[in-house]
Amino acid sequence: MACLLETPIRMSVLSEVTASSRHYVDRLFDPDPQKVLQGVIDMKNAVIGNNKQKANLIVLGAVPRLLYLLQQETSSTELKTECAVVLGSLAMGTENNVKSLLDCHIIPALLQGLLSPDLKFIEACLRCPRTIFTSPVTPEELLYTDATVIPHLMALLSRSRYTQEYICQIFSHCCKGPDHQTILFNHGAVQNIAHLLTSLSYKVRMQALKCFSVLAFENPQVSMTLVNVLVDGELLPQIFVKMLQRDKPIEMQLTSAKCLTYMCRAGAIRTDDNCIVLKTLPCLVRMCSKERLLEERVEGAETLAYLIEPDVELQRIASITDHLIAMLADYFKYPSSVSAITDIKRLDHDLKHAHELRQAAFKLYASLGANDEDIRKKIIETENMMDRIVTGLSESSVKVRLAAVRCLHSLSRSVQQLRTSFQDHAVWKPLMKVLQNAPDEILVVASSMLCNLLLEFSPSKEPILESGAVELLCGLTQSENPALRVNGIWALMNTAFQAEQKIKADILRSLSTEQLFRLLSDSDLNVLMKTLGLLRNLLSTRPHIDKIMSTHGKQIMQAVTLILEGEHNIEVKEQTLCILANIADGTTAKDLIMTNDDILQKIKYYMGHSHVKLQLAAMFCISNLIWNEEEGSQERQDKLRDMGIVDILHKLSQSPDSNLCDKAKMALQQYLA
């Protein structure tokens with residue numbers, strides 16, 4: 001059967017491969033070098049703009065032969081150059097073409113060609129990898145495999161405007177992350193590329209600008225250097241500002257704004273600098289206008305969101321610039337009408353990419369509403385905004401869902417909105433759906449937002465708990481992702497705050513004592529702190545304290561002992577002592593402290609600690625244990641006096657810290673009463 005099946009498959013492939021395509025490849029093997037050269041030139045003309053022909057030639061094995069000719073010392077420079085040109089043309093086809101070229105190890109061969117003294121050949125050898133590296137299927141690491149390549153490319157920057165354009169383009173596509181930035185920076189990228197910003201060639205200026213944007217992104221070292229670079233007597237930020245003026249091409253305005261944004265976010269330019277407030281921010285707002293192309297609006301909104309994200313003043317300025325909040329509402333109505341876009345190709349492109357606009361709008365709304373209550377109110381009052389966000393939570397695109405959750409999370413920081421809009425639109429329902437099955441990046445933001453919805457004043461708290469939130473959150477605490485563990489335990493902490501005994505019992509049952517112990521020994525400090533916060537909230541109000549300690553007392557006391565003995569910071573120890581103070585406030589629970597000499601000695605030790613916070617927390621424990629109005633107080637006071645606690649209280653009553661002094665005096669009063 002296998003033999004019978006093979007024939008039609010081979011026939012279908014071969015039917016695609018025309019006789020003329022075979023003829024082109026056959027000529028590459030001619031013994032006459034002139035005929036080979038002419039064959040390569042004819043092949044070059046045949047493949048221009050013809051993807052089918054490119055695919056045919058690749059299937060017929062043209063690539064290995066072209067690479068062989070390119071690397072042969074006996075080949076003339078003209079032949080080598082033409083081979084590089086054809087390979088560059090083949091790379092401009094489909095992604096499959098690029099994969100085929102990569103499989104033939106084209107990059108090392110072309111980079112080797114850069115050692116030639118011939119400029120035309122060098123340019124052809126650069127043009128092809130420039131095309132290959134711009135493809136998403138090409139691993140950037142191929143540029144960094146040989147350590148001699150980057151310094152050689154830096155040296156070639158001075159050869160011609162084409163070497164400048166292609167090399168900058170290669171750098172901007174292959175600079176992904178801090179390791180690549182460091183390599184390029186250490187090989188003099190800033191000094192070698194800076195002067196290209198004043199090149200007569202627009203393409204060179206543009207590629208140099210793109211280089212600086214990827215070099216500066218989240219990189220303080222590069223950004224701090226860029227601020228002080230002079231080009232023809234002008235500082236780089238001044239050059240970038242000139243490049244984002246309205247009379248410059250949009251691509252240049254946008255990329256300059258990105259450079260200044262990244263330098264600002266990296267701490268090299270102040271957020272209140274005029275070049276940010278009066279130039280960069282207004283330029284990015286302009287890019288959000290509906291007159292701009294879809295990709296310009298997307299890039300403008302996303303860059304602006306990144307610029308203003310940490311700074312409340314920039315958020316306020318942006319929110320009142322050119323009616324930005326209303327302008328972003330248009331991102332959800334795009335394209336508004338078929339007649340508005342006469343170019344059918346453009347319409348088709350925009351319909352396929354309209355989700356990117358929604359994603360960008362959500363991102364910018366999230367940044368705008370991060371801090372200011374009035375801005376959040378304006379966003380929510382924008383037409384159908386809550387409905388749009390809720391719809392965004394169930395979009396097929398993961399990126400849109402993530403941006404919608406982030407936007408909702410930003411708005412959920414408002415007490416007012418949690419009580420009104422979030423309740424009116426039952427936001428918790430789609431959010432719980434998102435939490436059932438989503439990638440980690442969405443889960444982190446969605447669970448963080450759930451923490452806000454579970455705050456005690458939120459009307460959504462009750463229905464969320466009724467829909468099985470406790471179990472879901474306990475599941476998150478077992479995640480390998482520390483951010484999810486933190487959010488799971490944080491949300492449980494909020495749930496336990498002033499909760500009924502039944503909810504607290506549900507939490508302890510679903511979480512299990514074993515998991516609680518695991519969380520208390522978690523290597524992530526945030527997880528530990530939130531777990532202590534949860535315990536503190538569980539152990540509040542006397543009946544609850546006594547009930548929980550009657551069933552889990554032994555394990556909780558064990559955990560407290562371990563933490564107080566461990567190498568933990570002041571905040572962790574303070575929280576732990578506060579838990580002890582809560583236990584000491586129980587009616588029967590306090591016996592677990594009084595019968596544990598080890599714990600009593602630890603409380604005594606922390607009363608004499610050098611840190612006031614720990615002394616105060618230990619004082620709360622003592623005050624709760626000796627309070628006069630409670631049964632058995634006399635025996636407890638006597639035992640603590642025998643331990644030397646009263647002497648310590650006398651010392652603390654002389655403390656320069658007024659709070660500590662008052663608490664000590666109040667405790668001593670209990671002995672005198």
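Each residue, glycine too, has its Cβ placed from N, Cα and C.
Record features, source Swiss-Prot:
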MOD_RES   ALA2  N-acetylalanine
REPEAT    51-92  repeat 'ARM 1'
REPEAT    95-134  repeat 'ARM 2'
REPEAT    138-176  repeat 'ARM 3'
REPEAT    178-217  repeat 'ARM 4'
REPEAT    224-265  repeat 'ARM 5'
REPEAT    313-352  repeat 'ARM 7'
MOD_RES   SER337  phosphoserine
REPEAT    374-413  repeat 'ARM 8'
REPEAT    416-455  repeat 'ARM 9'
REPEAT    458-497  repeat 'ARM 10'
MOD_RES   SER512  phosphoserine
REPEAT    543-585  repeat 'ARM 12'
REPEAT    588-627  repeat 'ARM 13'
REPEAT    634-673  repeat 'ARM 14'
**Report entry** Stretch in 51-92, 95-134, 138-176, 416-455, 588-627 most in contact with the repeat 'ARM 14' (634-673), if contact is a CB pair under 8 A
**Finding:** 588-627
Requested in this report: By DSSP assignment, list the helix, strand and coil residue numbers for the repeat 'ARM 10' (458-497), in that order.
Outcome: 29 helix, 0 strand, 11 coil
Query - Sequence-remote partners of the repeat 'ARM 1' (51-92) [C-beta within less than 8 Å, at least six residues beyond its ends] - result: 13, 16-18, 21-22, 24-25, 28-29, 33, 36-37, 40-41, 43-44, 98, 100-101, 104-106, 109-110, 112-113, 116, 118, 120-121, 124-125, 127-128, 131-132, 135
Query raised in the report: Counting only residues 6+ away from its ends, which parts of the chain sit with a Cβ under 8 Å from the repeat 'ARM 3' (138-176)?
Result: 98, 102, 107-108, 111, 114-115, 119, 122-123, 126-127, 129-130, 132, 183-184, 187-189, 192-193, 196, 199-201, 203-204, 207-208, 210-211, 213-215
Query raised in the report: What mean pLDDT score does the repeat 'ARM 1' (51-92) have in the model?
Result: 94
Query raised in the report: Under the DSSP assignment, what numbers of helix, strand and coil residues are found in the repeat 'ARM 8' (374-413)?
Result: 30 helix, 0 strand, 10 coil
Query raised in the report: For the repeat 'ARM 10' (458-497), what are the same-chain contacts with Cβ under 8 Å, counting residues 6+ beyond its ends?
Result: 418-419, 422-423, 426-428, 432, 435-436, 440, 443-444, 447-448, 450-452, 503-504, 506-507, 510-511, 515, 519, 522, 524, 526-527, 530-531, 533-534, 537-538
